Amino acid sequence: MVNRASLDKRPDEVATMFDDVAPKYDVVNDVLSMGQTRRWRKIVVDAMEVSKGQRVLDLAAGTGTSSEPYADAGIDVVACDFSLGMLKVGKRRRPDIDFIAGDATNLPFADNTFDATTISFGLRNVNEPKKALAEMLRVTKPGGRLVIAEFSQPVVPLWRTMYTEYLMRALPAIAVKVASNPDAYVYLAESIRAWPDQDHLAAWLQECGWEKVTYRNLTGGIVAVHRAFKPANSSPDGAAAAIAAHKGPVAKLRRNTVR
């Protein structure tokens with residue numbers, strides 16, 4: 001079996017894989033997460049704290065499930081993804097949402113376009129995540145926020161062991177029964193296992209020019225929600241300067257794990 005996480009996350013390979021699973025993607029996610037996906041996404045929406053009249057970029061939006069709460073609230077949301085298969089499924093279901101094809105490392109938007117940017121369970125699939133974080137900084141307005149939900153590292157050793165067993169053994173077995181492309185979920189498991197922990201991602205955010213970086217653990221650290229702000233006086237080349245000058249600790253949004 002091919003180790004999908006070792007393919008350098010070539011955009012064409014990853015996009016094709018997501019095209020294959022697009023028709024049943026949301027249903028399978030609900031099954032494999034035991035219904036937790038919806039709760040995690042709601043927490044992201046709450047952390048965004050956006051209101052009508054503001055513009056939101058939902059990156060790696062897939063079929064638009066994560067974009068729907070903003071559209072339903074009358075917020076101008078752009079759902080961006082590099083999988084055309086995902087975008088087509090989303091557009092059929094929600095023609096009122098603006099779906100745009102785009103690469104996270106080279107976003108098709110002008111500087112300072114969005115009041116807030118979010119990416120849920122997609123940064124892990126980008127072959128140059130720091131470049132993507134810098135691009136998100138570029139297209140977000142000064143003072144605007146970024147909220148990231150991504151699989152992370154459980155904080156309790158026993159829970160981490162149990163989760164790893166589920167990830168590497170049970171999840172692929174379940175995917176064989178419910179998914180149209182089970183190999184995509186082998187990739188999912190391997191990419192989660194290879195992804196850096198909460199503090200590592202927080203450090204990346206600071207290096208790329210984001211400030212006031214905090215995070216919150218969900219479900220024992222299986223998922224972490226990171227939140228950060230673009231400096232009010234940020235310039236287009238601010239990310240490069242911040243990478244060179246970065247110092248300082250990383251704070252947590254909450255000290256205790258939220259289950």
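Note: Cβ is positioned from N, Cα and C throughout, glycine not excepted.
Positions annotated as S-adenosyl-L-methionine binding site by TrEMBL: THR63, ASP81, ASP103, ALA104, SER120. Residues or ranges marked as domain 'Rhodanese' in TrEMBL: 200-234.
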Position of peak Cβ density within 10 Å, selected from the binding-site residues THR63, SER120: THR63
C-beta crowding around ASP103 (S-adenosyl-L-methionine binding site), within 10 angstroms: 18
Helix, strand and coil counts within the domain 'Rhodanese' (200-234) (DSSP): 11 helix, 15 strand, 9 coil
Extent of the S-adenosyl-L-methionine binding site in Å [max Cα distance among THR63, ASP81, ASP103, ALA104, SER120]: 16
Position of peak Cβ density within 10 Å, selected from the binding-site residues ASP81, ALA104: ASP81
Integer mean pLDDT for the domain 'Rhodanese' (200-234): 96
Where ALA104 (S-adenosyl-L-methionine binding site) sits in the secondary structure, as DSSP reduces it to three classes: coil
